[in-house]
Amino acid sequence: MGILGLSKLIADLAPQAIRESEMKHFFGRKVAIDASMCLYQFLIAVRSEGAQLATVNGDPTSHLMGMFYRTIRLLDNGIKPVYVFDGKPPDLKSGELAKRAERREEAEKALKAATDAGDDAGIEKFNRRLVRVTKEHAKEAKELLTLMGVPYVDAPCEAEAQCAALVKAGKVYATATEDMDALTFGSTKLLRYLTYSEARKMPVKEFSYDKLLEGLAINNREFIDLCILLGCDYCESIKGIGPKRAIELINTYRDIETILDNLDSSKYTVPENWNYKVARELFIEPEVADADSIDLKWVEPDEEGLVKFLCGDRQFNEERVRNGAKKLMKSKQAQTQVRLDSFFKTLPSTPNATNAAKRKAEEAKKSANNKKAKTSGGGRGRRPK
């Protein structure tokens, strides 16, 4: 779920915290990517296109196709991805998971009704709602990444929290996910739409943590309380308090405790046994692996291993897989060259520098012409002795 309404709130009140760029803008950057979010995107994208990629046994392979080609695209653009996989969800998330299970049951019933009615649009809609990333999907994705020479991290708990820890430790530049709670976990940079398909033509949207705090006129603790008021995965929110009212309350009272002391109980009902304090602690001190002990290495791909893994039962085209492996190798060599070139930087030619050089050349030419004219003119004007 992430944080309800946070993206729009930032766009409205702290637009300076958002920048849209092309993927190539992040050339040379290391980025921690929410793997489960990616796999989900790949699974629903194929369903929406009406295709069903599968093995000879009927097992889906769209997540592998998406991971393979999307990762190659990132590397082609000079981005070094590290994928972070979810671990066990925190106990406080059980309520949200229960709601998702209920929604899944409702979607199954709606899908059956749509199928019986021959409603193609309804079938597609509810099919998408039933998509979920399984442990088997994650296991296969990890095996694929290993063969591609791309690192991954198993988070002990939430992937977004682990991504944020890698960013804060300086291991990577940003977190790439569609869930805004990466900011709540303290990721200084958040990239949305980075792993979207090229066909969607969506610019990458970069959120700056420091600039959003400045724009909203709050500190990091107050930002966490704001996110809890907006609605997060770990506890209920106060009904009737939307984004605008939430930021007004935080700006006025600075924390949830003081807000509760001053809240009009006739207008707003606080959830019974509201676990906002535990939710706050989960954002402040999430369960993550020590980022400093994580060694991220991008190595050469195993071409034959990729062919064996993706072709055969999974029915990938061998020629395309080998071409993909060659692109992986080429991108690694290019990144190595970039590191070498960084030791011998050439100053770019700027308009001012170019104009100055032109003026200097013109002045030198004019001076030479004047000198020549003076010399030749003097010769003609002198009388012979």
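Glycine too: its Cβ is placed from the backbone N, Cα and C atoms.
Taken straight from Swiss-Prot:
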REGION    1-104  region 'N-domain'
BINDING   Asp34, Asp86, Glu158, Glu160  Mg(2+) 1 binding site
BINDING   Arg47, Arg70, Glu158, Gly231, Asp233  DNA binding site
REGION    122-253  region 'I-domain'
BINDING   Asp179, Asp181, Asp233  Mg(2+) 2 binding site
REGION    336-344  region 'Interaction with PCNA'
REGION    346-385  region 'Disordered'
COMPBIAS  368-385  compositional bias 'Basic residues'
**Item:** Cα proximity to Arg70 (DNA binding site), best match among binding-site residues Asp34, Asp86, Glu158, Asp179
**Value:** Asp34
**Request:** Count the Cβ atoms, other than its own, that fall within 10 Å of the Cβ of Arg70 (DNA binding site), considering every protein chain shown.
**Result:** 21
**Fill in**
Cα of Glu160 (Mg(2+) 1 binding site) to Cα of Asp179 (Mg(2+) 2 binding site), in Å and rounded, measures 8
**Rounded Cα separation (Å) that holds between Asp34 (Mg(2+) 1 binding site) and Gly231 (DNA binding site)** = 20
**Prompt:** Averaged over the region 'Interaction with PCNA' (336-344), what pLDDT does the prediction give?
**Reply:** 52
**Asked** Whose Cβ lies within 8 Å of the mean position of the Cβ atoms of Asp34, Asp86, Glu158, Glu160, the Mg(2+) 1 site, other than those residues?
**Response** Ser36, Met37, Val84, Ala155, Ala159, Ala161, Gln162, Cys163, Thr177, Asp179, Ala182
**Request:** For Asp233 (DNA binding site), list the number of other Cβ atoms lying within 10 Å of its Cβ atom.
**Result:** 22
